[in-house]
Amino acid sequence: MKVTKRTFLGLAGASAIALSAAPAVAQGWEPTRPIDFVIMAGPGGGADQIARFIQSVVEKNDMAPRPLVPNNKGGGSGAEALIWLNNASDPDHTILVTLNSFFSTPIRQPDLGIDIMTFTPIAMMGVDPFALWVHKDSGIESFEQWVETVKGANGDYVTGGTGTGQEDSIVFAYTNNAFDMNSKYIPFDGGGAVAAALAGQQIQATVNNPAEARGFFQSGDVRPLLVFSDEEMPAYPGIPTMKSKGHDFSYYNQRAVVGAPGMSDEAAAYYQDLFKKVYESPEWQGYLESESLSPLWMNPEEQKAYWELQMDVHKQLLAEIGN
Amino acid sequence: MRRGEIITAGVLALLSIYLMVDSTKLGVGYVAGKGPAGGFWPFWLSVGMLISTGFIALNWYRRTSPPSQSDEPVLDAYGRKMLLLVGGGIIVFVGLIDIISMYGAIAVFLLYYLRFLGRHGWVLTLSMALVLPVAMFFFFEGLMRINMPKGMSFTAPVYDVLYDIIY
Amino acid sequence: MEILSLLGDGMLIAIQPLNILLILVGVTVGLFIGAMPGLGSVNGVAILLPITFLVPPGSAIIFLAAIYYGAMYGGAISSITLGIPGASTAVATTFDGRPLALKGKARLALVAAAVASFIGGSVANIFFTLFAPLLATVALNFGPPEIFALMLLAFATFVGLGGDDIPKTVLSICFGLVVAAIGFDQISGAPRLVLFGMNGFLGGINFLVLAIGVYGIGEMLWTLDTTRGEVTSSKADISAKGIITDTGETFRLGWKGMSIGSVLGFFVGILPAAGATPGSLMSYGVTKMLSKNPKEFGQGHVSGVTAPEAANNSASTGAMLPMLTLGIPGSPTTAILLGGMVIWGLTPGPRLFIEQSDFVWGLIGSFYVSNFFALVVNLAFIPLFIWMLRMPFTVLAPLIFVLSIVGGYAAMADMFDVWLIVLFGIGAFFLRKFDYPVAPAVLAIVLGPIAEPTLRQSLLLSSGDPTIFFTRPIAGPITFVAIILILLPALKYLRPAKARPAE
């Protein structure tokens, strides 16, 4: 890592630049080689789709002089990607698309030696809410009825989601604790597989993101019972929130872009500006709406504060569910 | 060969024991109501490996497998030289990637292999050692958008020029 | 027949001049990408993406289908000429394709692969056209127990694949399965077998790392050693007439493999968690099992090339089905297409066939056209690949080493995996010297990552009760057949074993 006097001076100025006008930055640092666009998940998942969508927006509008090159590093619930960034040989050309394993994996794997506060905040592109889904043939119409069914099954009720310790299992574990229930949890290797398992009635309930469940929701095969957002979602009118059931719990998957630790301030400012343009593009705004993501733009300081908050939240959640 | 056969079996037995020990970290049993624990699959398959090495040793003792009957050396003089020059060449090639970049390492490896192992003329050697890495650069970086390692920072000026050509 | 008119429209779009040009370019580029070890149709998207903004979306889809088909044909080329399976779907093609090439019949092997791919692709397209939505419902009924039973069946068809040394074969299988378990345990969410505390193992070991190491480096070193470096290069001649005769030979000798592969490949391919690789492996195994001369397989039997090649094309087409109708990408390539569809504003799912029928049928129509052009382009390039094989071995060998290392990095993007390739290569060289069969390990590392999670998911479902594999209506019969197939050769082996101690 090169720490020069200029870096220290830049440190003070960078945040100001990022906040002020965009054109001022365009004169400064620009990438000189392809940008390693690391994805914290395998091909085909939600994070991967978003990365490829962003890549195509940048490409289409010719926003950067060098291409973003997607690089899937999904191994170990994202541990592979975090290590990759930590050891990046060229931090100015290495950025990462994250999900919540950005918080949970370093907590669950302390030996990795990852401190996410050393990463460089770039952009919060939106947050993806969760919803509780059941198959239409289950006959379950309301959340209360669902709770009753799960309790009546005495631990034989089968739920499913992504890998143990990841987002889906956290949401289920919280729900089970909150309503004093007990159910089985079958981990699958991606949101798509989870959605299909529910549609084929291999499992009885999931907490997929709206984008993952949309195909089967539109065809009427699955139905939402509850959403884990702060307010009711426009896409599912009349479906209650967890908060309205007396538990102060909302859970979103973050769709954020972060830079490698040790990225120069000039480069960070460049990417912050680039992703602001992506965020404001009509394509991204359309994507947020069609995939039911909630917009949640943050500047770099707010992002760091958000990370700290999320680290605390996840520490507490993971401790509560005993993981 | 005969000695090599039992040494190989021994090394594989040690490897399977190591894998067995490492698998125990996640539990190797059958959890009631939940099925096998995380280490179940690798542990019992490593046990399978260990048992197999036992049978290999038995066949070695009874001299029923071809390598255990053979008195030929595992590697004769030619084989040792080949392994050293070719296998060693590959190891040096991969080691160079992080220093002089993927394309630089390819050029050096081709130069070494074609000229010194293949005994080809300088014309063929140099044209392949220079054309192939450049062609690969344009194929991978330009067309396929795959980043190859660029080695240490002293290669940067070269790649900055090359990237300016592509984009 | 509404379907036929929709399909006709799709094909009409595909044969417009601009689109024909895109297909020819796409198929050619795809062929070479597929022929590079380590690269596959996944990488085609890199080329696709900029193009999608230059041409209308309809043409972009056609271009994508062309790259997809080209790459599927190309996979066999590196299996046959270099002996390295460039993609997991082409593993089985090396079993007989490589021996054919070494016997000087590289042209026959390449023609057989191309023709079989065309037949497999065509059969799949017809199934796809006629039964797509119906099959999607069937695929949903395959849960974890059914997929595990299928994996068991896939293993069963391969009993006897290895050499004559039973303990060494078993060791090879077990090793492959253990290596497949390295990385992260999806079920418990804990890191597993992070050997020697090296973080590089966290991401697991991809099939390609083992396959490139074993075939690209290990086999090459072994060849150099056993032939004293005096490899006689392939004598196969290059002539248009020869290609026609070989096409005839392909049908005469390989029709059985082709038919089995086309049908079996498709049905395994449409299952969400399975995909094209088990499809091609099972087709090879079943063809060998039903053959009158199973001993000829592995020595260079034409059906040993046509079965996996027909199957992987058929299955790759079939794998589009769960992607389009269920939104589940069965393979990284379909995952890319899925991403592309999102970019084009389309939602994969049960309603896609109804709401976006233009897109769906345009895509299927371009499959037919691309498949045909892929055959033509592939046959046209066969002389070039044969010419490559006729290079002096001292030129071909370093090229194969370079392609192995570059391809390994291109696929994994991590130097750690490149070092593993070298390690596996040198290890495989020594094991090969002591008659350890390596194919079973490669097979195991392909099937293991599907078999283990489905086994454990099933047992979680049944609360640890293994009878779930026998009592479910679909899983039951499959498991039963698999167990019989595994036991048959074991019984055969036990009999002569009693007679043997006398010797």
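Placed from the backbone N, Cα and C atoms, the Cβ positions cover glycine too.
Check TrEMBL against the ranges C:304-325, C:326-347 and you find transmembrane segment recorded for C:326-347. Segment annotation: TrEMBL labels transmembrane segment over residues C:75-96 (candidates C:75-96, C:449-470).
Sequence-distant contacts of the transmembrane segment (C:45-69) (same chain, at least 6 residues past either end, Cβ-Cβ under 8 Å): 13-14, 18-19, 22-27, 29-30, 33, 121, 313, 316, 333, 336-337, 339-340, 343-344, 359, 362-363, 366-367, 369-371, 373-374.
Packing against the transmembrane segment (C:170-187) from elsewhere in the chain are residues 162, 193-195, 201-205, 210, 436-445, 448-449, 451-453, 456-457, 460: each is 6 or more residues past its ends and has a CB under 8 Å from a CB in it. As a whole-number mean, the pLDDT of the domain 'DUF112' (C:20-443) in this prediction is 85. A contact between the transmembrane segment (C:75-96) and the transmembrane segment (C:260-281) is present, since 3 or more of their C-beta pairs, 6 or more residues apart, lie under 8 Å.
Between the transmembrane segment (C:108-135) and the stretches C:193-218, C:359-389, C:395-422, the greatest number of Cβ pairs separated by less than 8 Å involves C:359-389. Scored on C-beta pairs under 8 angstroms, the neighbour of the transmembrane segment (C:193-218) with the top count among C:12-33, C:260-281, C:359-389, C:395-422, C:471-491 is C:395-422.
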